[in-house]
Amino acid sequence: MAGGAAHPGAELLPFARFLDSSLQPLVYGYGRGTLHELRAREFGRLAGTVYLDHAGTTLFPQSQITSFMKDLMENVYGNPHSQNISSKLTHDTVEQVRFRILAHFHTSPEDYTVIFTSGSTAALKLVAEAFPWVSPGPEGSGSCFCYLTDSHTSVVGMRKITAAMNVSSIPVRPEDMWSAERQDAAAAGDPAGQPPHLFCYPAQSNFSGTRYPLSWIGEVKSGRRRPASRPGKWFVLLDAAAFVGTSPLDLSVHQADFVPISFYKIFGFPTGLGALLVNNRLAALLRKTYFGGGTAAAYLAGDDFYVPRESVAERFEDGTISFLDVIALKHGFDALERLTGGMESIRQHTFTLAQYTYTALSSLRYPNGAPVVQIYSDSDFSSPEVQGPVISFNVLDDHGNVVGYSQVDKMASLHNIHVRTGCFCNTGACQRHLGISDEMVKKHLQAGHVCGDDVDLIDGQPTGSVRISFGYMSTLEDAQAFLRFIIATRLHSSHGQPLPLATPGEAGAPPEDSEAQNAVPAARARGSSSPQEDTSPHSGVWNNSPTAVDAEGLCPPLLEATGTQQTTSEKAADVPDGDLRSHVITNLFLYPIKSCAAFEVIRWPLGSQGLLYDRSWMVVNHNGICLSQKQEPRLCLIQPFIDLQRRIMVIKAQGMEPIEVPLEENSEQVQICQSKVCADRVNTYDCGEKISNWLSKFFGRPYHLIKQSSDFQRNAKKKHGKDQSAHTTATLSLVNEAQYLLINRSSILELQQQLSTSCENGKEELFPMNNLISRFRANIITNGTRAFEEEKWDEISIGSLRFQVLGPCHRCQMICIDQQTGQRNQDVFQKLSERRERKVKFGVYLMHTSLDLSSPCYLSVGSQVLPLLKENMEHHDIPATE
């Protein structure tokens, strides 16, 4: 990241100056009260949040849900396939919603039919199955399916259905469609008797926001513009899912044959409901094989006799539609009209925000003149006719190298800015804009990169980008908070400090947590630095911690430290320095409850999954979803202590009475349930109502404590390194990836020095050594001599125990959480990112090899660590443990 004095390229573009310089009139807001009032009244849950993923889904207003719930509470809606009074009400209401949808798109039941589906993807699949394809024969070439390469995966996936019908698929590049010569209607020839073809293209690219001409619909259908040189009649499917969320669509003018949509893109609620708008002139040609409930006029169970219903909608809506969700659409339309005045107002408002952000973002420069971002677009954001409220980009460093989108996403999360990263289910546009060849896509797959993961750079080349998008409730403050975030993390002021971000309570600032701010962390067993490395006046910050536990002596873990007891710092001081090249264990930590506070020990037994009872429990919400400090930072204030003699875990927290949980389940009483950790299914059991009530009281919401079942074996998902054989696959507790995490004090010391240089002279040190160690939540701490030397290790030996190094840990934003208070500070992540050249790696994962548990095995503070280096070892990045 660049430093140095402020310069014009680091300034935030004033909105007033932008409006004055615009060549066209721009509209911001809706002219009926302030947008801030609308946000406060309808979207109060967005306080402190910058939501910029409206292309993924927009957000619903509070009044929409309130109105819908009132409707449900006042009316009885029965199954529309029945004939009773409540069912008749449902049927009539659903039909009114169909009319409302058609009116929204400026058409009528005479021209179009609304077929409800589960979403636009299901609508596309329906078209692929029902279109009247003609297979090639001896007398003709048959139908063809053409699609713009800048299309969603769900469009491209239609080719698998057409291929089964022996129908050819032809991808068409946007530039080829743009340059296709227009013909007059006479030159196009008579399509009578020729096979039908289908051309699919998006009204708006979900990757870049490019808006393709709606005039293509009429030109292709009339034969004046051909996607491919095939004789026959052309039909057009307009993928409007991304477009209609922020723009009006007039089907009386642009009469596409098929228009798939998803309603959550427009209203935010309901999800799981979409529609296919079918031009009635084509409806009679559609074919259907399967028939479900409600679609038959008559059929025989014992003979192949079936007559479909006459209504196109009833013929294709198999089974009972999601009628309550359909009824919810009425309240969505009402809210949208009431709050904004209509889609044209939304189009103007969202485009103004996008054009401003694009202008400001593209003007940012490093002191050497290099751009801060690379924007992927086919337009100059000159008009909403050619560009939607979407900006796809990658952040660059001052040498022009791409900063991985995963890192940008993590940094944005620290500021509570919600963006989308990757290729957005649009590989064609991703390849085109990023210059990724077909061969590179296959190579990336072989390297382990799949759609939707966080592998953002391969050989320095980006595999995707960052996307921001605006919705009707987006504000100027959202746009400016995002721009300030880019400026603050990429450009610096004259003092070397980041430019100011939003203040608490303002858009873009993390929400204030008064409970966390006022919480005083109780004494807990944690690590401390060795004397030669931490000589600051704050080195005794944890001197009130209880003594670290010796598993052999089984010191009672709940005893507070006294003058006669040896403190953690004193025990660390007993570790011999030895040769400069030697490494010893200075601290051992286990984390009995995933994402909760550490429990420090002096000597501890090993189990088949790592340190005994390390991450054997986890806290889940009322839906059984595992919680981490990313969602609930105050988890770090929950302090577990393991008492091996009494076979219990004692849990403490500030303001709460200690509570005990048995280490093992009662097999006769326990009820096994299933949960997930990093997409892995795990068998667990609930630890009971008593601890659940305790947790719920502390956090103020219903939580449960669950433990991994002792007879359930969970294997690591993949092998790491070249030489690891299948029989060495590790068994895991509730960790994400590996059994152990090791960090090196020299690496911590370098990070500490970097953070110290950011402080003004004489300012109190913000990051003592112990504070930093606790943030990385490692099991094994060593006193290495060189920063990050552990990443070069292949194996280590600790006494008779051997451990394989699986690779570096790729860190997430959890390292920004102070483990004593639960408060966030993004400096740690940012500085580590600078030091590690865009990849936030810290610590290495270990797996024990050939562990014989027939006799007890222990790790101890003071044990010598002997690393083994191997040249040309490959290690893949592994996500952080929690």
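First residue shown is number 1, and so on along the chain.
Cβ atoms here come from the backbone N, Cα and C positions, even for glycine.
From a predicted model like this one, the values you see are computed outputs, not experimental measurements.
Cys425 (active site) falls within neither a helix nor a strand when secondary structure is assigned with DSSP, and so counts as coil. Residues or ranges marked as active site in Swiss-Prot (evidence: sequence analysis): Cys425.
Residues annotated as compositional bias 'Polar residues' in Swiss-Prot: 527-546.
The predicted model assigns the domain 'MOSC' (707-868) a mean pLDDT of 80. Swiss-Prot lists 707-868 with the feature domain 'MOSC', giving sequence analysis as the kind of evidence.
Long-range Cβ contacts of Lys265 (N6-(pyridoxal phosphate)lysine) within its own chain (separation 6+, distance under 8 Å): Ala55, Thr57, Thr58, Ala241, Ala242, Val244, Gly245. The N6-(pyridoxal phosphate)lysine feature in Swiss-Prot is assigned to Lys265.
Per Swiss-Prot, phosphoserine is recorded for Ser528 (among others), and the stated evidence type is similarity to another entry.
Annotated phosphoserine per Swiss-Prot: Ser530 (among others), in sequence order, evidence recorded as similarity to another entry.
Per Swiss-Prot, the feature region 'Disordered' maps to 496-546.
Neighbour list (Cys425 (active site), Cβ cut-off 8 Å, at least 6 residues apart, same chain): His152, Thr153, Ser154, Asn206, Cys451.
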